[in-house]
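Now, the feature entries from TrEMBL:
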- 41-287: domain 'G-protein coupled receptors family 1 profile' (DOMAIN)
- 25-47: transmembrane segment (TRANSMEM)
- 59-78: transmembrane segment (TRANSMEM)
- 98-120: transmembrane segment (TRANSMEM)
- 140-164: transmembrane segment (TRANSMEM)
- 205-224: transmembrane segment (TRANSMEM)
- 236-258: transmembrane segment (TRANSMEM)
- 270-289: transmembrane segment (TRANSMEM)
């Protein structure tokens, strides 16, 4: 089939992850199974934290928000990707492309800023424990979460504003399974050097700065823990290590994709799958698997539900 005839001037063609029908079918069942297992787990994390008074500390408040953000983030590109596995002609409208681009970076930026808020929470808990209740109260937590969402919105709206003004009058094929700025800008029929520079600063530089600041802050915290008691050190260090794992999981693919200006990265589609589909859903699970309190609360909640089901 001639893919150039699949779309009009108001649409883009997505080449997807593979052109082989057998591979597409295998990927569809893999991602569907992944969603069936992991996505309800994230909802369970949120419900557990909201229903257990013992999990009312700021750390769990941030974790619930992270789980919610990741659920939203994974609702941007995967539904379209799963549907396209059964489409001979994978197209996306201009409006759908712009919406996908905006929400992808809006939610991704909000998650990066939320991780910085979580680092602040751990800093105060370790370095200023006597002032923790005052410096990380519920009002400040809500402010930090609101600031993370606002920062993500600004990040996304800048990229959206730059992308929506680009003229597209030539090729309309994107070698990916979703719309993203660094590929979309290459299709514009105008000089895009200035736009690419701004996009690089808003994407690559921002994520690199967040990554470096987070690594420095957690390295400093781990060094500070050496002055604490062994029991306290072990518990808090485990939490910090969970945070560091999530920072690497979230930032590394983003740096690989966006920190190389004006060029496409090798294996970009493979890295993008993990960045937009797999890793976001597993982030809250990483925290949960290393946290005894929340695992205990989840078991109690599940057992209570099973007992209620057996009685009814």
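Each residue, glycine too, has its Cβ placed from N, Cα and C.
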Are there residues at least six beyond either end of the transmembrane segment (25-47) with Cβ under 8 Å to its Cβ atoms? List them, or say none. 17-18, 63-64, 67-68, 70-71, 74, 78, 81-82, 85-86, 277-278, 281-282, 284-285, 288, 294, 298, 301
Mean per-residue pLDDT computed across the domain 'G-protein coupled receptors family 1 profile' (41-287): 86
Hey, which bits of the same chain come close to the transmembrane segment (98-120), Cβ under 8 Å, at least six residues off its ends? 59, 62-63, 65-66, 69-70, 72-73, 76-77, 80, 92, 136, 141, 144-145, 147-149, 151-157, 159-160, 163-164, 178-181, 184, 203, 206-207, 210, 213-214, 217-218, 243, 246-247, 250-251, 254, 276, 280
Out of 59-78, 205-224, 270-289, what stretch is closest in contact terms to the transmembrane segment (236-258), meaning most Cβ pairs under 8 angstroms? 270-289
Spatial neighbours of the transmembrane segment (205-224) far in sequence, C-beta under 8 Å, 6+ residues away: 109, 112-113, 115-116, 119, 122-123, 126-127, 155, 237, 240, 243-244, 247, 251, 254-255, 258-259
